[in-house]
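Have a look at the structure below before the remarks.
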């Protein structure tokens, strides 16, 4: 799109090579209705460059009676910034015409049209550039490749829809993702958004929302406005902002759409908001210097790189209506710049002797040439293309003739256009162009297709197998729990605190279930749930095992003469120890989720041809703190169980706990290198396997011996045997 303040339509050229580069494209002729748009500034030469700028901000709306041809559109409110862009184009063309190196035998001219901030007027101007002043658009009409200086919509990167579109400014895809990272960097996780109801705003905010979701940023509301909306729409948006709880507002909005909104905000005295802006308005001098817009102070965003154009200021101050007395635009510019009128005499009248150099406004200011430099670069891109193309043609033909548009398009690709993507510059060959990060070249290498998004799903074989093992583990835990409940009064169940045994079985059930949260498409909630549920359930499980181990040690000490140690670790103390140890893990998880929680993330670095959708840890320190605390309790439990393994066998559960913790620690020590080195969805699979393996190890090592006695050796399930000193049966 040549103008960011309007919607994208198939034909909206900003800079177009016109006159003399034509070929037959249309099979049938079609007629234009109404009068053609006329250029506001023009100078026709050998080859002319056409351009469309929003020289006027608005077009007056007229009610047409439909019984006569509509009158031409009246445009109002001259835009000094866009007028400077138009003069920058003329400055570049005059530089090229005065050059002896670039296009030495060809003179460039120009035709500059006004879009008036109107979609209809933009299309009409585009048609005028295509068709000239002829009423019929036929098979002799010209095809012209557009080069835009300010069209940032990522949608224009689609080479299938826009094969001949070029630009000298980066796609909004990069800005949208950078804005999400900027918001995350400042810790703003609850924001509101306002956008232009256009391709610029809609596509830009869609890319931002996607990136924000990956960064863990939540969006409270998303409002859309357009400059021609009725006052009620702006008031509705204003009310949403006022009532919203978000104190940070991202405005992915064109300057022309933003001005009516900020006027209302100033009238209603809404302050206390942190604004985040796009390149369209974040460096606007008008917004920065208007006292009423002081609420925008402190706004942050990304600006287009600045540049210096030697000689431009001298060129700008030499613009004068006397140089083209019949040009009404130059008179209007003069009246706007000096706030005077040529139709008045005396006070308030223009004399023509005023000096532009004495003014301080957006037109004269050359300290901010971010967008103007893109216009300048676009003109030179066209000039270099024509120079190379005409050079090739002159060497291959003795007759002077103009090259075809396809040849021009190919030559444009050969120019080393600098497209800024962060700190890198890319140049494009005549046959290849880079796909956006989320796209990949198809097999025939002639178009970009969406990359495959990969994650561990329930429908694939690996996901199904892990789900089956998880449910098997859960089923076995339920069976053991039921078996223990039916024999809860027997000595083998009551020994070593049956309450801890049932709590351990409950926690093992949760461990098997939490493995399911790792399967499926990562979402904001599933990413937070899977890691915290894993950490808390496993600590609950290990706390129960640690409690049982301490009970074994205390019970043996209690059998010594004069020992009263069990009163210090009775049932109440056992419950408190489990709750206290688990509460520490809960606190770690809450801090993790508060400071930097896990969030879904599109990993583009593992594979070039596909995207890995995974959960970013948010804070790696949080993850390793959860894992480290679990490991610390496991090692402590293993040491205590190892020390108690040789106590009297018949009521000693420590040997089984020792073996279970040996398996548990072995699994998780193996997990760490496997987790770090596994690519993509296999990282998740390794995590699930570690959960299932350690849970099954605990279940079998601790409860299998007791189940064996309950089911196969009931004669040993007696108080006499449990309290006896004979050796227990070895399994």
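FYI, residue positions are counted from 1 along the chain as it appears here.
Using N, Cα and C of the backbone, Cβ positions are placed for all residues, glycine too.
Pulled from TrEMBL:
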SIGNAL    1-29  signal peptide
TRANSMEM  461-486  transmembrane segment
DOMAIN    462-726  domain 'G-protein coupled receptors family 3 profile'
TRANSMEM  498-520  transmembrane segment
TRANSMEM  532-556  transmembrane segment
TRANSMEM  576-595  transmembrane segment
TRANSMEM  623-644  transmembrane segment
TRANSMEM  656-676  transmembrane segment
TRANSMEM  682-704  transmembrane segment
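Remote same-chain residues near the transmembrane segment (656-676) are listed as 542, 545, 548-549, 552, 627, 630-631, 634-635, 637-638, 641-642, 645, 683, 686-687, 690, 693-694, 697-698, 700-702, 705 (criterion: CB distance under 8 Å, separation of at least six residues from the stretch ends).
On the 0 to 100 pLDDT scale, the domain 'G-protein coupled receptors family 3 profile' (462-726) averages 82 in the predicted structure. When Cβ distances are compared across the two stretches, the transmembrane segment (532-556) makes contact with the transmembrane segment (623-644), since 3 or more pairs at least 6 residues apart fall below 8 angstroms.
Remote same-chain partners of the transmembrane segment (498-520), defined as residues 6 or more beyond its termini with a Cβ less than 8 Å from a stretch Cβ, comprise 455-458, 463, 466-467, 470-471, 473-474, 477-478, 480-481, 484-485, 488, 526, 529-530, 533-534, 537-538, 540-541, 544-545, 547-548, 551, 571, 574-575, 578, 684, 687-688, 691-692, 694-695, 698-699, 702-703. Spatially, the transmembrane segment (623-644) is not adjacent to the transmembrane segment (682-704); fewer than three Cβ-Cβ distances between them are under 8 Å for residues at least 6 apart in sequence.
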